[in-house]
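Quick look at what TrEMBL lists:
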DOMAIN    6-152  domain 'Lactate/malate dehydrogenase N-terminal'
BINDING   Asp42, Asn105, Val129, Gly130, Asn131  NAD(+) binding site
BINDING   Arg92, Arg98, Asn131, Arg162  substrate binding site
DOMAIN    156-328  domain 'Lactate/malate dehydrogenase C-terminal'
ACT_SITE  His187  active site, proton acceptor
Amino acid sequence: MSSPIRVVVTGAAGQIAYSLLYQIAKGDVFGADQPVILHLLDIPPMMEVLGGVVMEIIDLALPLVTEIVPTADPTVAFKDVEAAFLVGAMPRQQGMERKDLLSANVKIFKVQGEALDKYAKKTVKVLVVGNPANTNALVCSRYAPSIPRENFTAMTRLDQNRGRAQIAERLKVNVGQVKNVIIWGNHSATQVPDANSATVDLGSGPVPVTGALKNDEWLKGEFITTVQKRGAAVIAARKMSSAVSAAKAAGDHMHDIWHGTAPGQFVSMGVLSDGSYGAPKDVVFSFPVTIENKEWKIVQGLQVADYHKPLLEATGKELLEEKAEAIEVCEH
Ligand SMILES: NC(=O)c1ccc[n+]([C@@H]2O[C@H](COP(=O)([O-])OP(=O)(O)OC[C@H]3O[C@@H](n4cnc5c(N)ncnc54)[C@H](O)[C@@H]3O)[C@@H](O)[C@H]2O)c1
Ligand SMILES: O=C(O)CC[C@H](O)C(=O)O
């Protein structure tokens with residue numbers, strides 16, 4: 001058994017954390033032989049609820065959990081952590097605009113960036129889930145200058161999983177057979193789900209999804225809009241934001257940072273843009289990446305279809321607008 005690592009989950013009394021904590025506690029994320037000390041951060045009014053979550057983690061009776069630290073104090077929550085799931089933020093409710101969410105949430109990520117900077121390990125890997133996830137990740141990294149900016153990533157894995165599931169359903173295959181679906185840009189309705197580099201294994205090795213589907217119209221239209229609008233569709237149906245699927249995606253994302261991507265496969269995540277594929281620089285833009293030794297690398301040389309190009313431009317523009325607005329909120 002390795003020595004325990006400290007892992008913080010913020011928003012620990014909320015919906016997503018409720019599912020995520022079980023995955024972390026049972027070894028799905030950091031490995032079946034990696035003990036964890038769980039740091040659980042929420043705000044003071046949620047401490048009683050958080051106490052209930054702690055009771056349930058104890059009752060799971062899972063041997064990998066060596067200690068639980070529930071707190072409302074960021075200085076305690078971020079102390080010596082090696083992995084951070086930044087989930088705590090307000091979810092969009094029906095009728096709320098994205099803009100309302102940005103001004104409410106972005107300041108949380110400024111404060112937490114400052115706390116990570118002071119108290120976390122410099123090698124900490126930070127996954128931002130709370131929306132607007134890409135811009136929150138950018139803000140968090142700007143306020144944590146002593147931690148490499150590459151250590152901050154934003155979650156578009158839920159969108160990738162949604163895309164894979166849509167294709168599997170369409171092809172009537174198991175979702176495990178579908179790989180390398182890309183999400184470009186922002187985790188918002190402007191994101192660009194792209195299956196042109198995706199593969200499906202129909203029994204004799206991976207072949208292009210485009211060839212197996214033989215339905216370009218669907219890939220250019222309904223596939224994109226279904227994935228773009230899936231989060232809103234879940235909110236409309238559940239009257240609450242997606243939770244178990246978001247938690248699973250957060251676990252998948254951190255798992256791949258920790259253990260790397262499989263040969264021949266890539267995953268999508270929001271990372272600091274270097275301008276690849278014409279994306280604006282210095283925003284957190286979702287790209288296909290491979291991961292080795294806990295470091296991501298943007299996959300280069302993929303074909304971007306002409307019909308995707310204006311969509312990539314639009315999602316990049318939205319990220320620049322969000323960045324400008326976030327800077328305005330944080331500096332005033
Ligand atoms: N990136 C994605 O794919 C994705 C998917 C689903 C949801 N989300 C986002 O994740 C966030 C959380 O969603 P949820 O359904 O768990 O919400 P929730 O309301 O159930 O839980 C959020 C929790 O965060 C806590 N919180 C608020 N401010 C905090 C702070 N400053 N420090 C610590 N904790 C704080 C709240 O008290 C609450 O317990 C939302 O912003 C939602 O939009 C992102
Ligand atoms: O607020 C939204 O529209 C989306 C909520 C969440 O990020 C999701 O993708 O399910």
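Each residue, glycine too, has its Cβ placed from N, Cα and C.
Those TrEMBL annotations? Automatic predictions, nothing curated.
Feature map: annotations from TrEMBL on the structure.
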{"residue": "Asp42", "record": "NAD(+) binding site", "DSSP (3 states)": "coil"}
{"residue": "Arg92", "record": "substrate binding site", "DSSP (3 states)": "coil"}
{"residue": "Arg98", "record": "substrate binding site", "DSSP (3 states)": "helix"}
{"residue": "Asn105", "record": "NAD(+) binding site", "DSSP (3 states)": "helix"}
{"residue": "Val129", "record": "NAD(+) binding site", "DSSP (3 states)": "coil"}
{"residue": "Arg162", "record": "substrate binding site", "DSSP (3 states)": "helix"}
{"residue": "His187", "record": "active site, proton acceptor", "DSSP (3 states)": "coil"}
Rounded distance in angstrom between the Cα atoms of Gly130 (NAD(+) binding site) and His187 (active site, proton acceptor): 11
Most crowded position, judged by CB atoms within 10 A, among Arg92, Arg98, Arg162, His187 as recorded positions: His187
The domain 'Lactate/malate dehydrogenase N-terminal' (6-152): DSSP-derived helix, strand, coil residue counts: 67 helix, 27 strand, 53 coil
Length of the line joining the Cα atoms of Arg92 (substrate binding site) and Asn105 (NAD(+) binding site), in Å: 11
Listed binding-site residues with Cβ under 6 Å from ligand 2, out of Arg92, Arg98, Asn105, Val129, Gly130: Arg92
Alpha-carbon spacing, Val129 (NAD(+) binding site) to Arg162 (substrate binding site), which is rounded to whole Å: 16
Confidence summary for the domain 'Lactate/malate dehydrogenase C-terminal' (156-328), mean pLDDT rounded: 97
Cα-nearest neighbour of Arg162 (substrate binding site) within the listed recorded positions, Asp42, Asn105, Asn131, His187: His187
His187 (active site, proton acceptor) versus binding-site residues Asp42, Arg98, Asn105, Asn131 - nearest by Cα: Asn131
Cβ-based isolation winner (fewest other Cβ atoms within 10 Å) among the binding-site residues Val129, Asn131: Asn131
